[in-house]
Every structure is written in structure tokens, then in C-alpha cells.
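A.B. asks: First the structure, which I've put down as C-alpha cells, then a few questions once you've had a look.
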Amino acid sequence: MSQTGSHPGRGLAGRWLWGAQPCLLLPIVPLSWLVWLLLLLLASLLPSARLASPLPREEEIVFPEKLNGSVLPGSGAPARLLCRLQAFGETLLLELEQDSGVQVEGLTVQYLGQAPELLGGAEPGTYLTGTINGDPESVASLHWDGGALLGVLQYRGAELHLQPLEGGTPNSAGGPGAHILRRKSPASGQGPMCNVKAPLGSPSPRPRRAKRFASLSRFVETLVVADDKMAAFHGAGLKRYLLTVMAAAAKAFKHPSIRNPVSLVVTRLVILGSGEEGPQVGPSAAQTLRSFCAWQRGLNTPEDSDPDHFDTAILFTRQDLCGVSTCDTLGMADVGTVCDPARSCAIVEDDGLQSAFTAAHELGHVFNMLHDNSKPCISLNGPLSTSRHVMAPVMAHVDPEEPWSPCSARFITDFLDNGYGHCLLDKPEAPLHLPVTFPGKDYDADRQCQLTFGPDSRHCPQLPPPCAALWCSGHLNGHAMCQTKHSPWADGTPCGPAQACMGGRCLHMDQLQDFNIPQAGGWGPWGPWGDCSRTCGGGVQFSSRDCTRPVPRNGGKYCEGRRTRFRSCNTEDCPTGSALTFREEQCAAYNHRTDLFKSFPGPMDWVPRYTGVAPQDQCKLTCQAQALGYYYVLEPRVVDGTPCSPDSSSVCVQGRCIHAGCDRIIGSKKKFDKCMVCGGDGSGCSKQSGSFRKFRYGYNNVVTIPAGATHILVRQQGNPGHRSIYLALKLPDGSYALNGEYTLMPSPTDVVLPGAVSLRYSGATAASETLSGHGPLAQPLTLQVLVAGNPQDTRLRYSFFVPRPTPSTPRPTPQDWLHRRAQILEILRRRPWAGRK
């Protein structure tokens, strides 16, 4: 693995390689000698899992009777099938029609260059749906290949599983042969299955801005490309093979451990023939990726609603790809680029059916996932985490119970919550439903060995245990060897009488049926509120819920809706005396860091940077080094509860600016008035405004802005090509906060003032020189202009609001004076000395 690039503004990004473990090579020797060696070699590779007990079932052997003409896939024959079978003492009449929604042969294969003749055939099999005995509440969903039926029947509250009986007697009437029909009974105490479905015929949702902290369905419309080496190797089976690989990759993205409803949808399949000027595919993985990314963009359409549009592209090749130092590379992709048309792409070296995990791994990078051994992932996964996840840096047997690590789930969740997956919200109009059968049914162990090690390779049957690791024959230095790449047998591969592999285990067919039935997930209860992010000044606390009641299984729908909620906390004012704002404290935490700039001799002071920061980046910790004048993103996120800007009451929550009122309550509608009084009516202050035109060379006092002033605005307009006056600010102690000592600040900047107040300055070279801020000022400020020439047609205007004087005791009215005078005269008249002369 190596990182060779970066993508600013999206956390860690770059180009990543996925490597392969070195093959184990063993000479073909008698089994008795080899057993102990294999036990040692495979001990670390075998999955530790307990076999599930089969659920109670009833079953019968049946012979489906076809009542209408043959249905020949791809031949234009009637897409309707009537079938009758006797089971459980009842006659079941199946009225089936071809389901266009799952019609594999509906996919258009696009050939660029000379199309290979062997690839023009249609795929075997038709998907049929219908009813049973005319019951509108019943459901029949079956796959028909001209000689066998495979699928599920739901009739009168019972669930029936129909499949061909291996080694069964053919039907004497020429119809389907012997099948086995199982009636599955729910386990005792098991409640009804939650199965949420979208209404049939419902319109596709339009792309919209993602809700924050919500689980939303994402549809990854994928272009699959195979080069000429793939066509030469796979021949007529290339299309079926690619769909099988992508089906396994899509299944990985459906696993609940990814904690998001992600559907991988193949919308276009392109096969490159000879004579086509396609991407330059060579040994260098990096150069191949760059060439493919540039080439695929020309095939895309810009409109997301266009049926030919795709969100990501993936190239399969038989070319041996090499990284910087070795040729163990199996794939490469950029990180965090899923909605970037120029970089949402990946390349995969075809290595057999396990290439599905390579494809899932590279697409994981496109979703911003890092390798599980990266520094951020080590802390998120914990010390007990294994290396058997999709995003492991080296290909290994992926844990079927948890294919995605906690780190992968966290990174894709944060990525989508921050709006980077906006292009995935539109549902494809005509999606291709990938093969539903397990790949091992179409590719036995020998064929899997051929796909991995070449056409002469065969499965080594003498090497136990079955399913855990695929051992294949080969030659090294003229000697016959058995070799493995540590990948398990493909799911569905026969491993014994009435047994097949699943997740690296050999299971009975009864147990295998449990993996065919999707189960939709359901939300669990909300968890308790977490700690507040701040002790004062307005923090944020969270509560979350998980998709665990029940956990989705076998590709069942993941929960949709809000997974995290948050609220304000500790909104009271912080104690007076703190000279720094909350964001200033976060920047100042880097003041003693000497490892950021090796060329700078010592530590430096960091202050927040607001000017020039894009609105979408307000919640990154962007700080400016006062000594150098440069500014950098020191943290991808500020602490939750940090104000988005000095002029806003909105706060940052998980890297996004969320509206809050001036009372520091998220969602509140309270606002500051012009006097900066929360919820006030503006009556507590008055506007002061004026202009200045008496310019003389040097610094000129314009006005003293008093302490407590709010909504300050100063604007100087004139011909910027002949400007000769500039704004300046002087503090009470005689020092300058802006443009003092005949030194100008040419670019936009934040003027930091005592009392954690800042004003935004446009820069001396701006077309309209301005100075603005909400205040209130903690101390008086003298506005000056620096005259450096003969000002012509220059206008300087200013305005601000000042608090109204506190009203004193009201003056008595004339009536009050008359009444009080009468009282005094009456008191004097009653005095003993009154009236004496």
C-alpha cells in the first residue's frame, strides 16, 4: 500500500493499492505426510463459527408439470409459464410471467472496437413472478432455465422453497425434473418478519440534499469495463462472469456492518475489443488508473437523471498490475471521490471470483474508506479487531459475519453525512438485477482454480478442510504443486453430499436455505444522551440508535431514517474573564507545536481565520499563523458547539453549520437586534452615521466609536486606481489595530480586538475598502484615515449603533409641582411660628 496524492478539504485522501498475500505452494505428496503441515498452515486462516441449527421444515419431492409451451430465454418466445405441481395434499397452479425488473438479458453490452463473436449470446435463465391458484395475496418468484425452477412461493401464510433435486429422476413428460419443495415453519416464539417495501410503480426520488445524520438509500450506478485481455481469457462466459463478480461485491455492500443502505447497481457494461483506442492498460497501476479515469469520463453523461449516467466506473483487466516496489497489487482507486466525475473510478486485476472483494475494496476507497491498519482506523477498530475485513491492506479471507470494520463504517457514514454522496440519491430507472444464485453453483472448484491460476489448474481435492481455502494445482520449476491465495471456496460450491460452502464453511443444504431469504432491518431504541461538548457557552450532545431490531440479513433492506439526534446543552454564559473565544482557544492549542513547520525556528501564535474561508468550510479549524501570515486547516472539524462565524449564532455540529438562535438553542428562531440584544426590538440603541471629507496628509481622526457600539460599517469608495487614503484603527493605548505606522494590510483579514471581538477588513487593495463587524466593542476605538496623496472623488461613510442612555428619574410634570407646592405651603402654615411678624 502506498499513498501518492492528497485531496484538500476532504480529510485524508489519496491513491491506494490493495496487495495480495504471497501464494502458498505445496508439493503434491501423499495425504498422510501433508495433513500435519496443512493444520499448521491453515490454523490462522480458518474461520471460527458455529453451525446454525436448521429450522423445522416439511418437504416433498415434486414434479412440476408445464402446461403451456416452452419458454426459451432470449429467443423471443412467450414470456409466460403455467405450471402445476402436487404438494402437501394440494394442487398448486403457478401462473408466472417474465419479470422485466430482474431480466438479466435486458442489459445492453456495449462493444468498443471489434466485438468478439463468442460474447454475443444471451445469458441462460428467465426470472418469473406471479400468483398461486389465482390468489392475489400469494407471491411466486422463480428462476427458470428451461429445465429447472428455483425460488420461493408464499401462499396462505406459508413460505415454500422450490429447487431442483440433484440427481433426481427426469420428468417422463419432458417437463422439469424432480424438485424438492420445502415448507418452512417459523421458529417457536419468532414474531412476524418486518418487510418494508416501496410501493410498486412509485416514482424515483429526485436528487436532493441529504438530511443530516440520516440513513438514506444510496444507489451507486456503476459502469463496468473489461479490457481485451479479459475477453480473450473468459471468452463466451465473460458477461456472466462479470455479473457474478459484481453480484458478490454488491452483496458485500448490503451487509449491515457497513451501517448504511448502499446498493451497487450495474447500469452499463462495456467490453473493449481489438482496434479500440481505450485506456492505456499497462503494468503501472497508477498510470493505468489515471488513463482509465480520463477515458471513462468521455463515456459519461453530465445529467444525473440520464439513464446512461453512471456514478463510478470500474475496470477489470488480466494485466498484472504493479505498485511502486512490487507487483502484488490487485487494484487501485482514489479516496473520497464517488461524486467527482473525473476521479470516481477504480481498476481491478482479475484474480478469479475473489476479485469481487477487490472490487468492493477499491469502491470502499472511493467512499473515503482507509485501510484498516491506518492510524485513524487502529484507534476506531480497537485492539481486538482482526484483519479479516474488506479494507484490510492485504487480501485475506473476509469475515462473513462482519466484512466491514467499525472504521470503514464510520468513514463512509461521515462521508455521506457531510454531503459528499449527493449524486447517489437518485434511483436508477431500469436497474440491472445481478444474479441471485450463489456463484459456486455456476463455477465449481475446478473452474474457480482456472479463473485464479490459469486454464490448466484444477482443484486439489486431497487437501482438507473443504471451503476454508481454495487449493489448486500448478507447477513450479517443473514440479507439480498445490497453491492457494487464502481465499475460501465461492459460496454455493458443492462440498459434500447435499452440502455446499457458505462463508468458508461447509453447510447442509437445509442450512444453506437460510442464506437465501432476505430480512429487512428495524431501528432499535434511542440510546441515552451523551456528554455535552462544552461546559458553558452552548454545547451539543448526541443520542443514536442502531439498525438492530432486527439486524438485516441476506441483503435485506437496511434501516432508513435518522440514526443520530442532537440537542443544545450548557447554554449559559461562560464566566467573565476569559479573553479568548471558543474557536480562539482551539487555535491557541497549537501555539506550542513546533513540528508543523520544520523551517520555523520556534513556536508561533495561531488565531482563527474567517476571511476567505468558503461557507462550506466554516466548521473546519482554519487558523492563521500571526508570525507568517499564512493560514492552514489544523483540524478537519472544530469542536461541536463552536460558532460558525463571529457574525452568526449558528453552531458547528459534526463538521456542518447548523442553525441556532441567539439564545444558543439549536433550532431556535430568536435573533439579535441591531443593539445585539437577543430577542430585542431594537429600541435599546440608536444609529450614529456620518461622512468625512476633510483630508490632509498623514493620519486623520474621523470618529471615536464608543464601547458597546454594534453593527459597525465603514466604507470608503473612490477610484481604486488612484486611491490615496486608507482606513486605520487606533486603540485607547495609542497602538494600532489596523494599518498603523504607515504599514498597510493589502489583503482581506480579520482585525482581532480586545474582548474577543473581531472586525472584517476588505484589504487596502479592494475596489471598495470596507470595515465591518457586529460587536459590541469592549473599549472605544478611533477610526482614522491615512492620507498618502491628493484624494480625488473619495467618499468615506460610517455608521454604527450605540446604546441609548439609561433613563434617569423622570422630571415632575407642572401638575406635580403645583401639588407639591401646595403641600409645602400647608406644612409651613401649620408651623407654630407661621404668621408671626
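Think of each number as a place in line: the chain as shown, counted from 1.
Using the three backbone atoms N, Cα and C, a Cβ is placed for every residue, glycine included.
Since we're looking at a predicted model, the values are computed, not measured.
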A.B. asks: Looking only at Cys293, Cys407, Cys423, which is named in Swiss-Prot as the disulfide mate of Cys339?
C.D. replies: Cys423
A.B. asks: With Swiss-Prot as the source, which of 192-199, 216-223, 224-231, 320-327 is set down as motif 'Cysteine switch'?
C.D. replies: 192-199
A.B. asks: In Swiss-Prot, Cys501 is disulphide-linked to which residue out of Cys467, Cys532, Cys536?
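C.D. replies: Within the candidate set Cys467, Cys532, Cys536, Swiss-Prot assigns the bond with Cys501 to Cys467.
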A.B. asks: Counting Cβ atoms within 10 Å of each candidate's own Cβ, which of the disulfide-bonded residues Cys345, Cys407, Cys506, Cys532, Cys536 comes out highest?
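C.D. replies: Of the disulfide-bonded residues Cys345, Cys407, Cys506, Cys532, Cys536, the most buried by Cβ count within 10 Å is Cys345.
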A.B. asks: Whole-number Å only: compute the distance from the Cα of Glu362 (active site) to the Cα of Cys345 (disulfide bond).
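C.D. replies: With distance taken Cα to Cα, Cys345 (disulfide bond) is 9 Å from Glu362 (active site).
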A.B. asks: Can you tell which of Cys327, Cys339, Cys449, Cys482 has the least company, meaning the fewest other C-beta atoms within 10 angstroms of its C-beta, among these disulfide-bonded residues?
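C.D. replies: Across Cys327, Cys339, Cys449, Cys482, these disulfide-bonded residues, the one with fewest Cβ atoms within 10 Å is Cys327.
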A.B. asks: Other than its own, how many Cβ atoms are within 10 Å of the Cβ belonging to Cys495 (disulfide bond)?
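C.D. replies: So the number of other Cβ atoms within 10 Å of Cys495 (disulfide bond) is 18.
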A.B. asks: Using other CB atoms within 10 angstroms as the count, which residue among the recorded positions Cys293, His371, Cys574 scores least?
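C.D. replies: It is Cys574 that, of the recorded positions Cys293, His371, Cys574, has the fewest other Cβ atoms within 10 Å.
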A.B. asks: Going by DSSP assignments with H, G and I as helix and E and B as strand, what are the residue counts for the domain 'Disintegrin' (437-519)?
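C.D. replies: The domain 'Disintegrin' (437-519) comes out at 20 helix, 25 strand, 38 coil.
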A.B. asks: Measuring Cα to Cα, tell me the gap between Cys339 (disulfide bond) and Cys532 (disulfide bond) in whole angstrom.
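C.D. replies: Pair distance, Cα basis, whole Å: 34 Å.
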